[in-house]
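This report refers to the structure that appears directly beneath it.
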Amino acid sequence: MTVSDDRNTLIRGARVLGAEAQDVLIEGGTIAAVGPGLSAPDAVVVEADGQILLPGLVDLHTHLREPGREDSETVLTGTRAAAAGGFTAVHAMANTFPVADTAGVVEQVWRLGRESGYCDVQPVGAVTVGLEGRKLAELGAMHDSAAGVRIFSDDGKCVDDAVIMRRALEYVKAFDGVIAQHAQEPRLTEGAQMNEGVVSAELGLGGWPAVAEESVIARDVLLAAHVGSRVHICHVSTAGSVEIVRWAKSKGWNVTAEVTPHHLLLTDELVRSYDPVYKVNPPLRTEADVTALREGLADGTIDCVATDHAPHPHEDKDCEWGAAAMGMVGLETALSVVQHTMVETGLLDWAQVADRMSFRPAAIGRLGHQGRPVSTGEPANLTLVDPAYRGVVNPVGFASRSRNTPYEGRELPGRVTHTFLRGRATVVDGKLA
Amino acid sequence: MKRHLISAADLTRDDAVLILDTAEEMARVADRPIKKLPTLRGRTVVNLFFEDSTRTRISFEAAAKRLSADVINFSAKGSSVSKGESLKDTALTLEAMGADAVVIRHHDSGAPHRLATSGWIGGSVVNAGDGTHEHPTQALLDAFTMRRHLAGAPDGGPTRHGEPGDSSGRDLAGRRITVVGDILHSRVARSNVHLLTTLGAEVTLVAPPTLVPVGAGNWPCEISYDLDAVLPKSDAVMMLRVQRERMNAAFFPTEREYARRYGLDADRMARMPGHAIVMHPGPMNRGMEITAEVADSERCTAVEQVANGVSIRMAVLYLLLGGNEPAVGAPIARTEESK
């Protein structure tokens, strides 16, 4: 480790948010100076010629699996994966065992995050008891706990009862909370295995129609407008969903949305292999959906990228499609996929990447100390990226405990060389500190 | 010939014709007093059935035994599979026992594909029906039956009812085949669309719109909701089994309405061309998709299809495991002479 906790750091020649090269001096957890030709004799120097300096990335949608499924991920391994991917804050989803539907569980996750030290862990609380969609969980108690929960989600399951959804949207207004909806109409997706369309018809796999997502989003933006609440839509995956969110925003309604890296790149054609590494919820869609999602992220209809990092043990993917678990790991490849799909296609510049992967998600989650500008006096949560790097994804090197990446063997651009959490390096020269 | 038979889509026209021609040779063996060939002596065929299917299983079993293979029947029920053993561990077990071919029936679409491509086993994999995906040997036996009836006359045309003929070397070019029923859940329909199209036939699927998969518009076939309009233009009409449970999932209002709109009765059969045949993969729901009168008529080939299934499965196992020697040839003659 070349960067120790008690020494200052001078990042030299980094293109801050992709702009002109600058020097950035970090002192004791804070950005002390930004400008050309800085000198700091005692500081550890990071030569960042040609690299991009971003605010530390913030993930709104991470499955850390602890408590309950420590065989697939723990808070420690998950936050190490997050740091390796350039993240300084992640939101831990509530579908653990036990479910994070009480102050006790969210505080446990929050405490494990503090102990890990690799990345801030902001727990997400369940909307309903046991994610069962029937009875509101103690949302206020979770908010008032040490974890200070602001985002509530039954992710993995949809809050499909319109009245429960309405009440949840209304109730969390008291403490500026937001409901993050996993939009999946349950009846339309009984036995669903993949996107419903040309490929599912051929493969004979149960179809997951786009309308099952879109109809719930349409209902929820209308509900949010009616009760004057904000609503966040998790992992938008269809062209129709983008249109509905765009329409809702045009009305001035308080709607935000996220897209996963894999929905920006992969399509249901990959399912033809029947390889469960491509089995995910929501499912991979079509090329037309991918195009619409990229456009939506570019024009701001979709606010942010969220990984939906979903680790699973090997045996849950090394099986037949129908028996396999849904989900993909994503923390360690997210920025590369965004560079590949959005930056190198000219759809986003690096300042907009900072917006979609740091500023906006931090604002949605109301994380005051994350997603801040790279300027003097701000907390030193920073990510340094080498955009010229090209490498083939090899999950053997992952910090995550799980290996279920759909990108194995694929060449992707960009590499996180350094990550700083409040001035302390969690990644140095591409390796966990 | 390829190493596995997973999908009818993997077969070229020449592959398909070779299998059908080989099945014709196998069918001639069935007419002999001793219905057995030494071709696969010493080879092991495992019937790995995760779903109950007595008909398909015994058809494969009869086929393998007529080729003198050792047959192991592995039923998921009452085995380690029902105690939670994975497909992978089952496959590794069969591999360790030296299975040369695994005939797999599985409730999950794609399971045979996984078995063949995952590196778990080294032998051949034959798909005996996977979920709602494919059932390629059923399509082959259907095509075999059609070819005998619709191209079995000396001039390559249709034969008289009840008198199928040898149509070796021919395909089904220009024949109009109608498949009626639950297309959405049918692996038989999917395999037939692939295979019959490859053999040059024109396929029309008929079903209520609820039982046609979204996305089927891309298939190389016509789709119709009107059975009566299609019947006069059909050389063969294949009726698919409609499970009564589908009614509860609102695919159609009642059994009676289904039978009225999509069932084949004598009046409808009379609208088919004189040479046209009625097919059914079985088991039949008499009174639902087919009336007893039609099922028992000389135009219905359901029982013949079962017999042809054994010949087709013999041909498939022979071609996958055997080799380049003629399936029914001199070695057999010597065997018989030596007795």
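The backbone N, Cα and C atoms fix where each Cβ goes, and this holds for glycine too.
Here is what TrEMBL says about this protein:
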- B:3-147: domain 'Aspartate/ornithine carbamoyltransferase carbamoyl-P binding' (DOMAIN)
- B:ARG55, B:THR56, B:ARG105, B:HIS135, B:GLN138, B:GLY282, B:PRO283: carbamoyl phosphate binding site (BINDING)
- B:LYS83, B:ARG187, B:ARG241: L-aspartate binding site (BINDING)
- B:151-172: region 'Disordered' (REGION)
- B:158-172: compositional bias 'Basic and acidic residues' (COMPBIAS)
- B:174-320: domain 'Aspartate/ornithine carbamoyltransferase Asp/Orn-binding' (DOMAIN)
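In this structure, B:THR56 is the one among the binding-site residues B:THR56, B:GLN138 with the smallest number of other Cβ atoms inside 10 Å of its Cβ. Checking the binding-site residues B:ARG55, B:THR56, B:ARG105, B:HIS135, B:ARG187, B:ARG241 against chain A with a Cβ-Cβ cut-off under 8 Å leaves B:ARG187, in sequence order. Look at the Cβ of each of the binding-site residues B:ARG55, B:ARG105 and count the other Cβ atoms within 10 Å; the largest number goes with B:ARG105. In the structure shown, across all protein chains, B:GLY282 is the one of the binding-site residues B:GLY282, B:PRO283 with the greatest number of other Cβ atoms within 10 Å. DSSP states for the compositional bias 'Basic and acidic residues' (B:158-172), grouped as helix (H, G, I), strand (E, B) and coil, give 0 helix, 0 strand, 15 coil.
Among the binding-site residues B:THR56, B:ARG105, B:HIS135, B:GLN138, B:GLY282, B:PRO283, the ones whose Cα sits within 10 Å of the Cα of B:ARG241 (L-aspartate binding site) are B:GLY282, B:PRO283. Each of the binding-site residues B:HIS135, B:ARG187, B:ARG241 was scored by how many other Cβ atoms lie within 10 Å of its Cβ, and the smallest score goes to B:ARG241. Across the domain 'Aspartate/ornithine carbamoyltransferase carbamoyl-P binding' (B:3-147), DSSP helix (H, G, I), strand (E, B) and coil residues number 67 helix, 27 strand, 51 coil.
Within 8 Å of the centroid defined by the CB atoms of B:ARG55, B:THR56, B:ARG105, B:HIS135, B:GLN138, B:GLY282, B:PRO283, the record's carbamoyl phosphate site, lie the Cβ atoms of B:SER53, B:SER59, B:ALA128, B:GLY129, B:VAL188, B:PRO281, excluding the listed residues themselves. In this structure, the CA atom of B:ARG187 (L-aspartate binding site) is 13 Å away from the CA atom of B:GLY282 (carbamoyl phosphate binding site). Note on the domain 'Aspartate/ornithine carbamoyltransferase Asp/Orn-binding' (B:174-320): DSSP counts are 67 helix, 24 strand, 56 coil. Over the domain 'Aspartate/ornithine carbamoyltransferase carbamoyl-P binding' (B:3-147) the predicted model carries a mean pLDDT of 92. Among B:ARG55, B:THR56, B:ARG105, B:HIS135, B:GLN138, B:GLY282, B:PRO283, the residues given in the record as binding carbamoyl phosphate, the maximal Cα to Cα distance rounds to 17 Å.
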